[in-house]
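Student: My questions will all concern the structure given below.
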Amino acid sequence: MHHPHGTFCGVIPPFVHEHMAEHGDEQTRRNALAALSVDTTVRAERLITDLTAGGVVARAAHKRRTIHTARNTGELPGTPVRSEGEPPTGDLAVDEAYEGLGATVDLLREVFGRRSLDDAGMPLLATVHYRERYNNAAWDGRQMIFGDGDGQYFNRFTAAVDVIGHELGHGVTTHESDLLYMHQAGALNEHFSDVIGAMIKQYVAVPRQTAAEADWVIGAGLFTSAVNGVGLRSMKAPGTAFDDAVLGKDPQPDHMSRFVETLSDNGGVHINSGIPNRAFYLVATGLGGHTWEKAGGIWYAAMRDLELRRLRRVARFQDFARLTIKHAAALHGPAERAVVEDAWQQVGIAAQIAPAAEPVADVWVLHYSWGCTGSWARACLAFREDGSFSGDLAGRWHQQDGTLLLRFDDGPAQYAGTLVGDVATGAMSTFTGADGCWHLTRQGAASTLGK
């Protein structure tokens, strides 16, 4: 199984830090730029660690937590300060991280029968007091990282148990569907983490909250009183969580008609996740009771579906919607299926239980240069039997007499090229059109082009 340990999934989207760097005072600007730099730094350090250590992660039969402190440095994992079974330390960040990790694993085990993040008893590792005034919490592929916040706009990140659950949710996704952290697949990755976070928050509440009682805000309590906002995201009303002069405005859409096309934020993973978030809220409240009793189980089954893993690089909201409808019918019945289908329709996603068109081949990689500039970029595409292709770019395809014609939903109207064989077996092909040069090759095939 592929585990992208280099993936750095932070709960604070980069566009928030960017807005703070532009509109905050000098200290806020420095904090924001430092937070943005951590993404690249930690990813690189983790990749080096994986290569030198062979990527081996120890496994344990039972829940086992170890909390470290970085003592406000960038050292990972830092100095261990509390291990499984040890009493509270009196350090709020340490003890909140310990309890939050435990609550998440308890939910996974008690509700879904899952043994830790990997379903094989994986130990849980977390580092608190990471760097100075660090405004984020993150999953780096192996462990949790928590900043203390700057005290001006953000409180400590261990204070919100749903943030802890959210980041650990990335670990579950890594070991199941392993969704690529880009575009719609990445937005689904973020969405499932919000689902886990919301369930944890409702599960540990005293008394436990029903879907109707919950506020459906992710990260409530993270903002200081200086921020005009209730939290990071609202699953009930995406786009309404915050509107602040320094942090900016919550950009999440709640409907596919407002889907945001962007190259930033890994293609809008923290932005467009608002659409499936709203769908899940509608399902949970529509089915009633505790979220994890029906809605959560349906979503968990869909995330584990082998078809989603097969589509990991090019998964669309429609693909995931169809899987949730399928599992609602299989786990419960026609009434629950109808609730799920209606929820997706309310956010502009028409999904059917009938399987979507099957991919004709494995993922292809399209190398392209707008205007034949010689500066090459790349995109991953999946060709489907119904004549569509999706992934980083989308459109329609047709092959006849050795010529493959691509028509794009965005960008150039069409490109045509000669393909040796067909899209199921062919080798690299060169395309020409009015706007640039394109080269298409099956994933893993040799290519002399710059990546």
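Yeah, the Cβs are placed from backbone N, Cα and C, and that goes for glycine too.
Annotations in TrEMBL come from automatic prediction, not curation.
Got these off TrEMBL a minute ago, pasting:
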REGION    66-88  region 'Disordered'
DOMAIN    92-173  domain 'Peptidase M4'
ACT_SITE  GLU167  active site
DOMAIN    177-349  domain 'Peptidase M4 C-terminal'
ACT_SITE  HIS270  active site, proton donor
Student: Can you tell me the CA-to-CA distance separating GLU167 (active site) and HIS270 (active site, proton donor), as a whole number of Å?
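Tutor: Between the alpha carbons of GLU167 (active site) and HIS270 (active site, proton donor) there are 13 Å.
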Student: Using a Cβ cut-off of under 8 Å, list the residues of the same chain at least 6 residues beyond the region 'Disordered' (66-88) that approach it.
Tutor: 38, 41-42, 45, 94-95, 97-98, 101, 123-132, 140, 143, 145, 148
Student: May I have the DSSP-based helix, strand and coil counts for the residues of the domain 'Peptidase M4' (92-173)?
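Tutor: Across the domain 'Peptidase M4' (92-173), DSSP assigns the residues as follows: 37 helix, 12 strand, 33 coil.
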Student: Including all protein chains shown, what's the count of other C-beta atoms within 10 A of the C-beta of GLU167 (active site)?
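Tutor: By my count, 29.
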Student: Sequence gap of 6 or more, C-beta under 8 Å: which same-chain residues meet both conditions with respect to the residue listed as 'active site, proton donor'?
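Tutor: For the residue listed as 'active site, proton donor', the qualifying residues are PRO13, PRO14, PHE15, ALA187, GLU190, GLN252.
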Student: List the helix, strand and coil residue totals of the region 'Disordered' (66-88) as derived from DSSP.
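Tutor: Here the numbers are 0 helix, 9 strand, 14 coil.
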